[in-house]
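What follows is a short report on a single structure.
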Amino acid sequence: MGRKVTVATCALNQWALDFEGNLQRILKSIEIAKNRGARYRLGPELEICGYGCWDHYYESDTLLHSFQVLAALLESPVTQDIICDVGMPVMHRNVRYNCRVIFLSRKILLIRPKMALANEGNYRELRWFTPWSRSRHTEEYLLPRMIQDLTKQETAPFGDAVLATWDTCIGSEICEELWTPHSPHIDMGLDGVEIITNASGSHHVLRKANTRVDLVTMATSKNGGIYLLANQKGCDGDRLYYDGCAMIAMNGSVFAQGSQFSLDDVEVLTATLDLEDVRSYRAEISSRNLAASRASPYPRVKVDFALSCHEDLLAPVSEPIEWKYHSPEEEISLGPACWLWDFLRRSQQGGFLLPLSGGVDSAATACLVYSMCCQVCKSVRSGNQEVLADVRTIVNQISYTPQDPRDLCGHILTTCYMASKNSSQETCTRARELAQQIGSHHISLNIDPAVKAVTGIFSLVTGKSPLFAAHGGSSRENLALQNVQARIRMVLAYLFAQLSLWSRGIRGGLLVLGSANVDESLLGYLTKYDCSSADINPIGGISKTDLRAFVQFCIERFQLTALQSIISAPVTAELEPLADGQVSQTDEEDMGMTYAELSVYGKLRKVAKMGPYSMFCKLLGMWRHVCTPRQVADKVKWFFTKHSMNRHKMTTLTPAYHAENYSPEDNRFDLRPFLYNTSWPWQFRCIENQVLQLERAAPQSLDGVD
């Protein structure tokens, strides 16, 4: 009997409800796996329908079309003589489950339902699915007639079981189950399962990749075994970017690593591994073997098939590798860029329009589009015909081939500097120079006539003319005049997005890009329905601190020297009158806090789940060397006052790339009221009482320094 097995896992760029495209990508991955000698192919979670179907899971159509795709897979000659493990929703006894359907040569071997559902952060699986709660139990599932006709089976095993082939034993866990305190792979490994598979639908978060890798390597380090992880990749229809990172590990080491960010729709990993390495590794772990001797057995589905060959002694085996991680700046450069590409090609639009202000945020967004163009050109040079076909569709030129990123950027990105009498010459110059370096089609215009027309209507109706504070107006007048400028920019952005290509004799429209960062959204430091209102926002989940580091990275990686003056300039909205031609307004002065402080507040509020009093107590220790308790209290109260006053703005926030775990995104991730008692009387009184106690107890030690 052979001892070496070749197994395959993959990362697929599936699209919610794109059953035709999803089927073709699944078939392509199986074909690649077979051509590389694999006898087992694992695919991502819910790959048949696409993970992000959300409330479409309620529809019987989604179940029907998933089984139709399964029938097409069973019928295809590509799926013969290889165990195929695919993901789809299945209804059993009127209960909907998130399942793996494992089949071999037109026979369904096992339908394995997910036992631990993801229901935190962006995940809402309990809304659509029920976890299978009967450990080590199977039932007979009555197959649809379209499947019966192909498999000649009336039923198939449904439940928590493992596959026993001639030469090994294979068990399955699904995404979230790896993250639970008592993952199924533990008990399966103790029961002699040698190959564990994990089909995931895991999305990108900055600095998260190491957690996923650590979980897999630790699982196989403690218990031995081979571990395959598959994942979806790309944007499948909303704010999330699924970041691939398919992998194959054994006995605590990684043997194959998939890309985290890629424009390839299908990526297949294979490895040839020796089962005897698993057995000898386990044999010397006495604590593991004692536990295994008492382990409860899993139901075994016998499979008349082997993953190994009889004559495999000379077959080379895969060698362990070191996992290569991206820096946070590289993650920002690549993740949102790939997300933008998927959104652009699947929206059937002709490119992007970006209001380019000459500041860090819009410059970072421009850099992401340029990074996207770099990735596209790289894929085209490597021979990716699908990417080239998408490029030609977008620019509406059947023979076009991008020569370099600047060339492509000129075809798909229009940047627009919208000046007013409050704009400085410096920001105009910075925007123009950056546009020249990245190659975008750049427009400069002046919004003053539109502002004058709108405020003129108000004056005509009311007989009142509002003034800026610098000219003697009240704070209410000052804010209203700032907001008029910001909102007119949004109207003009959409006008130019719809008609700028038409004016140049080019078909199609443009997607409007927003540039509000996660910190500004958290505080509400933006005008509702201004240029933060757009079609999509690639930086809306990224902190100001990370964006500044990313812009510095772009200076070096892409030689965009125009960014140097942008990153060194004061951060300002330029909505108030200039003082002697110079900026008189800065963001941090307007906010009453620094961006660094704002990031801290955001992480404590969302990630650490703190209200005002808990945050105050936490920051007393964190900032004890720089702030007195009174100063900490004032800062915390100011943050929560501003956050709650502006919480309503989150309900209309532009869909943004999800990158940070403290995002205030209202759609699914951060669910809170938008009408608050903004004075927080009870909470702030608790803070005030604590400050008074501290001041009475040790006034001399509360100076904020050592």
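Cβ coordinates are placed from backbone N, Cα and C, and glycine is handled just like the others.
Marked as domain 'CN hydrolase' by Swiss-Prot: 5-275.
Residues or ranges marked as active site, proton acceptor in Swiss-Prot: Glu45. A simple way to gauge crowding: the CB of Glu45 (active site, proton acceptor) has 26 other CB atoms within 10 angstroms, across all the protein chains here.
Secondary structure at Lys114 (active site, for glutaminase activity), taken from DSSP and collapsed to helix, strand or coil, is coil. For Lys114, the entry in Swiss-Prot reads active site, for glutaminase activity.
Here the Cβ of Val360 (ATP binding site) has 22 other Cβ atoms within 10 Å, regardless of which shown protein chain they belong to. In the three-state DSSP reading, Val360 (ATP binding site) counts as helix. Sequence annotations record features per position, and here Swiss-Prot assigns ATP binding site to Pro355, Leu356, Ser357, Gly358, Gly359, Val360, Asp361, Ser362.
Mapped onto three states, the DSSP output places Glu45 (active site, proton acceptor) in coil. A simple way to gauge crowding: the CB of Ser362 (ATP binding site) has 26 other CB atoms within 10 angstroms, across all the protein chains here. Within 10 Å of the C-beta atom of Pro355 (ATP binding site) sit 25 other C-beta atoms, taking all shown protein chains into account.
Sequence-distant neighbours of Lys114 (active site, for glutaminase activity) (same chain, six or more apart, CB under 8 Å from its CB) are Tyr97, Asn98, Cys99, Glu125, Phe129, Pro131, Trp132, Ile174, Cys175, Glu176, Glu177, listed in sequence order. Between the C-alpha atoms of Ser362 (ATP binding site) and Glu45 (active site, proton acceptor), the distance comes to 35 Å. Within the same chain, residues at least six positions away from Gly358 (ATP binding site) with a Cβ under 8 Å of its Cβ are Tyr417, Glu426, Thr427, Cys428, Thr429, Arg430, Ala431, Leu434, Ile566, Ala569.
Across the structure, Leu356 (ATP binding site) and Glu45 (active site, proton acceptor) are spaced 39 Å apart at their Cα atoms.
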